[in-house]
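Swiss-Prot has this to say about the protein:
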- 15-35: transmembrane segment (TRANSMEM)
- 58-78: transmembrane segment (TRANSMEM)
- GLU65: site 'Reversibly protonated during proton transport' (SITE)
Amino acid sequence: MEAQFIADIYAATAIGVGVILAAAGLGSAIGWGLICSKTLEGIARQPEMRPALMTNMFIFAGLMESFPFIILAFAMWFLFANPFVGAMQAALGA
């Protein structure tokens, strides 16, 4: 019975990690699109501000690009060092 509980925890964790990674990728893609579109709108309105706008775009795009990698690190932690398994084993008295 205990093995089934542990397997259920790993299965739920795998599903959760998949959803989290998909959401992080989708959020990053939407963020990239918004950043680039607003930068192009700003350049179209004020072409002389192009260098400043491009600098800001690359800074914020770098921050946006780092978000999925941070989420990936948390996902790997949940997959390989799952804190819920230890809690379940303690609750079951193993």
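Heads up, the Cβ atoms here are built off N, Cα and C, so glycines get one too.
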Problem set entry | Cβ packing number for GLU65 (site 'Reversibly protonated during proton transport'), 10 Å threshold | 12
For this session: Provide the three-state secondary structure of GLU65 (site 'Reversibly protonated during proton transport') computed with DSSP.
Result: helix
